[in-house]
Amino acid sequence: MEPRETDFNILLATDSYKVTHYKQYPPNTSKVYSYFECREKRTDPSKSRKVKYDKTVFYGLQYILHKYLKGKVVTPEKIQEAKEVYREHFQDDVFNEKGWTYILEKYNGHLPIEIKAVPEGSVIPRGNVLFTVESTDPECYWLTNWVETILVQIWYPITVATNSREQKKILAKYLMETSGNLERLEYKLHDFGYRGVSSQETAGIGASAHLVNFKGTDTVAGIGVIKKYYGTKDPVPGFSVPAAEHSTITAWGKDHEKDAFEHIIKQFPSVPVSIVSDSYDIYNACEKIWGEDLRPLIETRSADAPLVVRPDSGNPLDTVLKVLEILGKKFPTHENAKGFKVLPPYIRVIQGDGVDINTLQEIVEGMKHHMWSIENIAFGSGGALLQKLTRDLLNCSFKCSYVVTNGLGVSVCKLLNKTCDNPQHIHALTQKIVFVCVCVCVCVCVCARGFSGECVQGSGGRPQQEVKERSPVFAPDAERRFCHFGGGQGGSGGVWSGEFGKLQK
């Protein structure tokens with residue numbers, strides 16, 4: 001791993017109010033134990049939701065640990081910087097200079113915290129503990145929830161990976177129903193989101209999360225994140241094809257659209273090439289240019305190097321159906337074993353405009369209704385895939401569930417007309433521990449000491465047999481592609497410890 005950016009300061013990477021919390025815990029507190037979960041959503045049964053997101057894909061913790069928490073993260077300069085910033089910020093001396101200096105002197109600036117988590121790539125029912133955090137030094141009890149802010153940012157890769165997986169489930173369902181197989185499923189949803197996200201880092205994290213499920217991406221930043229922080233058994237974790245944009249078509253002028261198409265398709269004879277075809281009139285392009293003027297050229301292409309026609313405007317479902325109808329009249333279609341129409345293998349369609357999980361469902365349902373196989377199409381999604389998401393979608397939450405004060409351990413929670421005083425239940429929770437291992441510095445354990453959701457009725461004590469799915473179809477190709485999803489460095493039965501910055505067995 002390369003060193004993190006030298007200007008990052010973990011002492012400044014927290015919510016302002018947390019700077020004062022070390023003064024607020026009960027005297028003689030020696031441990032604070034917290035957990036992260038995607039809470040179960042309690043909804044009005046009378047209201048139906050198209051996508052329920054009952055399960056989540058756990059992904060992104062290893063990135064945060066390596067980039068921000070690993071190694072010597074506390075220095076005299078960073079302590080001084082934080083002291084000055086918070087003095088002005090609060091107009092008072094509230095910064096815990098003594099506590100951070102203790103970490104610097106005793107641990108050489110390494111964080112004395114222990115993080116336990118389920119394996120990255122796991123598909124977990126909502127309402128289960130995904131990771132726990134605790135300090136390993138009684139003097140640093142306050143550190144557990146200091147790092148909440150940066151750790152909870154895992155909501156983003158979890159949400160991207162989960163939303164991507166749900167779209168893969170839709171595509172798999174309709175691909176199987178209309179073709180009888182799942183060939184090229186992993187290329188059916190391509191990441192077009194690079195320009196639609198808020199930052200370069202967002203692009204890298206989000207794109208890598210999508211690549212947990214699919215192999216197609218134009219967001220190159222995601223490849224770098226996976227190579228640097230995870231590793232892959234493939235030479236590269238994501239793939240793309242040559243493709244046109246409107247400028248490479250309109251630069252030729254309206255009267256030379258055919259020349260532009262012909263020129264581009266000849267530049268890439270041995271690989272798939274995607275050509276945006278709606279610069280002037282998508283239907284004329286499909287019927288006259290592709291279907292007549294350039295048809296002989298297209299027919300020379302192979303199944304491994306098809307022309308991919310890309311409409312980029314209009315109502316997504318209507319446009320896709322009409323493009324397929326036109327191409328189906330101009331090129332010889334055949335019926336597959338399921339009785340659905342399939343274009344010849346040298347021509348396909350990609351819909352990359354207005355695609356989100358709902359329009360995707362509408363398009364594939366519409367194609368099925370009109371007897372078109374999903375073999376004919378792929379999709380591109382941008383802002384809806386990487387940006388139009390919030391922490392509230394999966395109710396991602398970090399809560400304290402256990403503290404030790406005056407040597408006495410107490411289970412705690414937010415009270416919502418319930419109690420936390422069931423000793424037998426609490427004891428049962430502390431006994432449910434299952435050890436497994438992730439790659440490099442993140443080893444994991446599902447620990448159900450933490451209450452989930454609403455106190456005693458929460459699912460923190462739920463038997464963890466549910467937490468096993470890493471489907472080769474729906475959370476794919478995790479076992480094969482990213483080393484942290486199988487094998488990797490380090491053996492089983494450990495946890496990530498910031499104090500040592502490496503796997504502890």
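Heads up, the Cβ atoms here are built off N, Cα and C, so glycines get one too.
Per TrEMBL, the feature diphosphate binding site maps to Arg195, His246, Arg310. TrEMBL lists Asp218, Arg310, Pro311, Asp312, Gly352, Asp353, Gly383, Arg391 with the feature beta-nicotinamide D-ribonucleotide binding site. Annotation comment: TrEMBL describes 9-115 as domain 'Nicotinamide phosphoribosyltransferase N-terminal'. Among the features that TrEMBL reports, domain 'Nicotinate/nicotinamide phosphoribosyltransferase' is placed at 187-414.
Structure with TrEMBL features highlighted.
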residue : record                                          : Cβ neighbours (10 Å)
Arg195  : diphosphate binding site                        : 12
Asp218  : beta-nicotinamide D-ribonucleotide binding site : 20
His246  : diphosphate binding site                        : 11
Arg310  : diphosphate binding site                        : 22
Pro311  : beta-nicotinamide D-ribonucleotide binding site : 22
Asp312  : beta-nicotinamide D-ribonucleotide binding site : 18
Gly352  : beta-nicotinamide D-ribonucleotide binding site : 20
Asp353  : beta-nicotinamide D-ribonucleotide binding site : 21
Gly383  : beta-nicotinamide D-ribonucleotide binding site : 15
Arg391  : beta-nicotinamide D-ribonucleotide binding site : 16
Candidate nearest Gly383 (beta-nicotinamide D-ribonucleotide binding site) in space, where candidates are the binding-site residues Arg195, His246, Arg310 and distance is Cα-Cα:
Arg195
For Asp312 (beta-nicotinamide D-ribonucleotide binding site) and His246 (diphosphate binding site), what Cα-Cα distance in Å is obtained after rounding to a whole number?
10
Whole-number Å only: compute the distance from the Cα of Asp218 (beta-nicotinamide D-ribonucleotide binding site) to the Cα of Arg310 (diphosphate binding site).
15
To the nearest whole angstrom, state the Cα distance for the pair Gly352 (beta-nicotinamide D-ribonucleotide binding site) and Arg310 (diphosphate binding site).
7
At its widest, how many Å does the recorded beta-nicotinamide D-ribonucleotide site span between Cα atoms of Asp218, Arg310, Pro311, Asp312, Gly352, Asp353, Gly383, Arg391?
33
Taking only the Cα atoms, work out how far Arg391 (beta-nicotinamide D-ribonucleotide binding site) lies from His246 (diphosphate binding site), in Å, as a whole number.
35
Any idea what the Cα distance is from Arg310 (diphosphate binding site) over to Asp353 (beta-nicotinamide D-ribonucleotide binding site), rounded to a whole Å?
9
Measuring Cα to Cα, how many angstrom lie between Asp353 (beta-nicotinamide D-ribonucleotide binding site) and His246 (diphosphate binding site)?
13
Separation of alpha carbons, Arg195 (diphosphate binding site) and Pro311 (beta-nicotinamide D-ribonucleotide binding site) (Å):
19
